[in-house]
Number of protein chains: 2
Amino acid sequence: MATLRLALAQVNPTVGDIPGNAALVRRWTRAAAGSGAHLVAFPEMMLTGYPVEDLIYRESFVAASRAALDALAAGLAEDGLGDLPVIVGYLDSDGPARIRADATPGRGPRNAAAVLHGGAVVARYFKHHLPNYGVFDEDRYFVPGADLTVVRVGGVDVALTICEDIWQAGGPFAVAREAGVGLVVNINGSPYELDKDDVRLPLVQRRAAEAGATVAYVNMIGGQDELVFDGDSMIVAADGTLLARAPQFTETMLIHDLDVPTGEADPRPVEGAMGVVRAHVSDRLTPLDPAGLAGGVVERCTAAEEIWRALVLGLHDYVEKNGFSSVVLGLSGGIDSAVVATIAVDALGPQRVTGVSMPSEYSSEHSRDDAADLAKRQGLDYRVQPIAPMVDAFLANLTLSGLAVENLQARVRGITLMALSNQEGHLVLTTGNKSELAVGYSTLYGDSVGGFNPIKDVPKTLVWKLARWRNEEALRRGETPPIPENSISKPPSAELRPGQLDSDSLPDYDVLDAILAGYVDGDLGRDGLVAAGHDPAVVDRTLRLVDIAEYKRRQSAPGPKISIKAFGRDRRLPITNRFRERDS
Amino acid sequence: MATLRLALAQVNPTVGDIPGNAALVRRWTRAAAGSGAHLVAFPEMMLTGYPVEDLIYRESFVAASRAALDALAAGLAEDGLGDLPVIVGYLDSDGPARIRADATPGRGPRNAAAVLHGGAVVARYFKHHLPNYGVFDEDRYFVPGADLTVVRVGGVDVALTICEDIWQAGGPFAVAREAGVGLVVNINGSPYELDKDDVRLPLVQRRAAEAGATVAYVNMIGGQDELVFDGDSMIVAADGTLLARAPQFTETMLIHDLDVPTGEADPRPVEGAMGVVRAHVSDRLTPLDPAGLAGGVVERCTAAEEIWRALVLGLHDYVEKNGFSSVVLGLSGGIDSAVVATIAVDALGPQRVTGVSMPSEYSSEHSRDDAADLAKRQGLDYRVQPIAPMVDAFLANLTLSGLAVENLQARVRGITLMALSNQEGHLVLTTGNKSELAVGYSTLYGDSVGGFNPIKDVPKTLVWKLARWRNEEALRRGETPPIPENSISKPPSAELRPGQLDSDSLPDYDVLDAILAGYVDGDLGRDGLVAAGHDPAVVDRTLRLVDIAEYKRRQSAPGPKISIKAFGRDRRLPITNRFRERDS
């Protein structure tokens, strides 16, 4: 047995910012060394950020990742950190990417992990199980690895695995047991999802049992376009005991002393589904420093707090990683824009948030008051810009009625926000919730205008819950509740015609959200929804709305594809991407 | 040997329109029977349309496809066509779709072909090679089949294969040789791509040699969102002779009498990479009807004609399949809107096309004249709507300058077109070409407004080529050239400030398009582009523009994902989709 001090660096890389990500590794490795760690592990694709999507097709990007890995190994040694083995995720390749049927079997881009030691790369591992569902498209981008890599660190055999490897039984963890390892390190780019917490811990426990070894799970944090990585790094013993767990949504290092068996002097060969490649770093561990521990099991957030923090971090990182200085949004006095403004102020501070009230002749007095009240509570930059003169100019020159007039008002507001964005450099925030997006209860190029929507995936009923939770949280902290009670309690209205209410056009949001959860998230058909107890007439009406709305979300007009790479269907690039062919 | 009269039905299904697609099969099977065919083959996923994307996750959709197949077999028999074997693509399933890591191995949705005969399904085949590159995501949606299906028709052994099966060596075609078949039928949903012609024929020839058998390749035609299927169905003998080939972009049936060997009375068992499943339809062929042939090798289109027809069909089917009655677009007098208007008139006729001239104070006299001239040549509905009053209303109420004022004009035009769309029911056509999309030379929510963009994937230099070709084609037909010569020859300008020219902001389009082809389509990095002979300074400038523009194309604001299915990254549904949970 040996006592190995393990450091898990739960950090926040940025897609494409290879130099910045490498600098993060150097900074946190120095901290790990200062804490007396024997081994430090960074997340999946740490050097490139994750997910890189179609960037893998660019040879210059792959070359930059590989070169940065070698330079990082050398840089760590220059920093005097060459003795501390570092596990880091990066993009590797041993063949061309597959863009047509004629790929080279078994070769191509690799989702890889390396062990850096003594100024060099001493071991590499290629991810074996590639996820290709939900937000993942890794069969498209990567070729799976066939060998498990085992590195001896201070006499302890450590197996390297990456993310999806832990989600499937009978893969690298089973081979790790055959290889008799003392520790399996699993590096992750695992996005936040409602209630995912409840899934991860039992999963790590199952895999620890399968490997018969301690499992260290390290995940990144941070926002990357639509994804939010929540960290939740943890260490679980072979018997399932949760030894340490990091807080979510926070850049931190989890450090824990592990009592793990040392490897045999002459390990037996393994016959299994994968080959085993062994590498050697050291046979003895340096003596333990009594200081430097930062472990323990952190208590979980409540459900509402967890979601709120995901939304705040997602917005914060979208703004910061894309280099925006400030945001602007329309403040209607309603609940959606109130919640988005509050998320923005929590993420960026009130000095970087501008709220614009854009009343029309149909805007109620209380709407304007509620918007002003919210702005005052939060101290954000508040402006009033009536839209009547612009709306009237259109009405005087075009013959419009009904829905065309309703949409016109929303579009004049959209233009106004975009004009402020162009003039003053703000990012426009969109404020439509998931329920209204689903049923198309919004105006294309109107209230759907904007570069980022913090509540795009938040159903209306959850918007209300989050607002109440945030106000209660303020009271718990002895602060003024940021959201006016009236914005939470009044019946929702688009205020595009006299006396209009959402309930004129839509089922009650409780009913609507339950049907949408079944239809959108659960892929239930009409009969399945009715069997689940929903009113058939309401189901039919809702499904019709959703089916009609589907195409409205695709605001970037499709067009016939004639080339190898049309913009649209077959070009999938991260929006947040700091990779530049030239640094100039 | 036997002489088998084979009919390949190159038809146009619609995604989700299962009853309509089944009706197409019945209609064309009747025609095949009338021509004395012994066997008729329809394209891949004929019953559901292709690609169905996330619809496969909905059990009600899978069930509808399976039920429709049985009903179709019965319906054909009711039509008196039960004696004619019909090969038809459909969606099958023998297990749940994979939405998480925990799928059942080897079971799930299937990209399938069935043989219908005597009122029943007599054989099924599951696609073996699943494409997962370019526009294809089939690893995500389907489970590959493990067996080759061979059906004896009139004594001839016919192997069934689907699309990608023909693109890879060593798969079903090699097994078909082992099984001693006389004919391999390959059913396709193969999208049009520039110069794909040059690839398909040699490919079919290679596979015919590999199978040692005649290969019949049948492909669908039609537009489906961004994809355009071009047909190009063909029959190639084992020795590589092209026996018959259908015209592109036309619904048609290719009928050819094949001299093919009959199968052995007692076929030997096959040991290979796949199992072989045999089914029996008939031992003898009905006597040949001397009439009814519709084969021959059709001459290929020229490159320009081929592209033009792809764009026209793509727009036509987007409008028709989505139920729009008419289209509207802004006519600036420039080349892009002129070409889009001409495509629209070719696709829909002039009565269904409205062109709106929206001059500003910076619009030149010749621009207005050119727009009016184009409208007159083509007989489309033409209107003039000056934008000054609306622009002035914004300028009087907001403090704007520079780019914000330029963009404002484009956005007022966008609102104007959307107002006409809401008021009169037109689909708005966008007119930005691929070059300006690539470098972001357009206004978000301005000239990028619209539901469909016929030239989204057409570089500027190709826009000019197509315009010249279309005018020459008119002269060849003895018609008036539809596009004013001035729109083709004048230097391009956005006309958003006095004297503005595209060349103020962008490299010459010849240079720009060559760099974009390398960077966007070819994934070349900066050094690769310089090595290819481009001026380093122009390359750097262009790449900066492209990288900045990337995110502008994503007009539907991203937002943090918190649920299983957020709208955006992990919900991929066809826009054109006629599937309804209930027909009402």
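Glycine residues also receive a Cβ, built from the backbone N, Cα and C atoms like all the rest.
If you check TrEMBL, you get these features:
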type	residues	note
ACT_SITE	A:Glu44	active site, proton acceptor
ACT_SITE	A:Glu44	active site, proton acceptor
ACT_SITE	A:Lys127	active site, for glutaminase activity
ACT_SITE	A:Cys163	active site, nucleophile
BINDING	A:Tyr133, A:Ser190, A:Lys196	L-glutamine binding site
BINDING	A:Gly330, A:Leu331, A:Ser332, A:Gly333, A:Gly334, A:Ile335, A:Asp336, A:Ser337, A:Thr431	ATP binding site
BINDING	A:Asn407, A:Glu436, A:Lys552	deamido-NAD(+) binding site
DOMAIN	A:4-260	domain 'CN hydrolase'
REGION	A:475-504	region 'Disordered'
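Neighbour list (A:Asp336 (ATP binding site), Cβ cut-off 8 Å, at least 6 residues apart, same chain): A:Thr431, A:Gly432, A:Asn433, A:Ile455, A:Lys460, A:Val463.
With a threshold of 8 Å between CB atoms, the same-chain residues lying at least 6 positions outside the region 'Disordered' (A:475-504) that come near it are 332-335, 338-339, 342, 345, 360, 362-364, 366-367, 369-370, 373-374, 377-378, 405-407, 409-410, 441, 460, 464, 467-468. Checking each of the recorded positions (A:Cys163, A:Ser190, A:Ser332) against the residue listed as 'active site, for glutaminase activity', the C-alpha distance stays within 10 Å for A:Cys163.
Each of the recorded positions A:Glu44, A:Glu436 was scored by the number of other CB atoms within 10 A of its CB, and the lowest score belongs to A:Glu436. Of all the recorded positions in the record (A:Glu44, A:Tyr133, A:Cys163, A:Glu436), the one with the smallest CA separation from A:Gly334 (ATP binding site) is A:Glu436. Sequence-distant neighbours of A:Gly330 (ATP binding site): residues of the same chain at least 6 apart with a C-beta under 8 Å from its C-beta are A:Ser337, A:Gly355, A:Val356, A:Ser357, A:Met358, A:Arg413, A:Leu417, A:Thr431, A:Asp447.
For the recorded ATP site, residues A:Gly330, A:Leu331, A:Ser332, A:Gly333, A:Gly334, A:Ile335, A:Asp336, A:Ser337, A:Thr431 set the reference point as the centre of their Cβ atoms, and the other residues of that chain within 8 Å of it by Cβ are A:Leu329, A:Ala338, A:Val340, A:Ala341, A:Ala371, A:Ser487. Proximity to chain B (Cβ-Cβ under 8 A) holds for A:Tyr133, A:Asn407 out of the binding-site residues A:Tyr133, A:Ser190, A:Gly330, A:Asn407, A:Thr431, A:Glu436. Spacing of A:Asn407 (deamido-NAD(+) binding site) relative to A:Ser332 (ATP binding site) is 16 Å (Cα to Cα, whole number).
Of all Cα pairs drawn from A:Gly330, A:Leu331, A:Ser332, A:Gly333, A:Gly334, A:Ile335, A:Asp336, A:Ser337, A:Thr431, which the record names as binding ATP, the longest spans 12 Å.
Within the region 'Disordered' (A:475-504), the DSSP-based counts of helix, strand and coil residues read 10 helix, 0 strand, 20 coil. A:Tyr133 (L-glutamine binding site) sits 18 Å from A:Glu44 (active site, proton acceptor), counting Cα to Cα. Taken residue by residue with DSSP, the residue listed as 'active site, for glutaminase activity' is part of neither helix nor strand, so it is coil.
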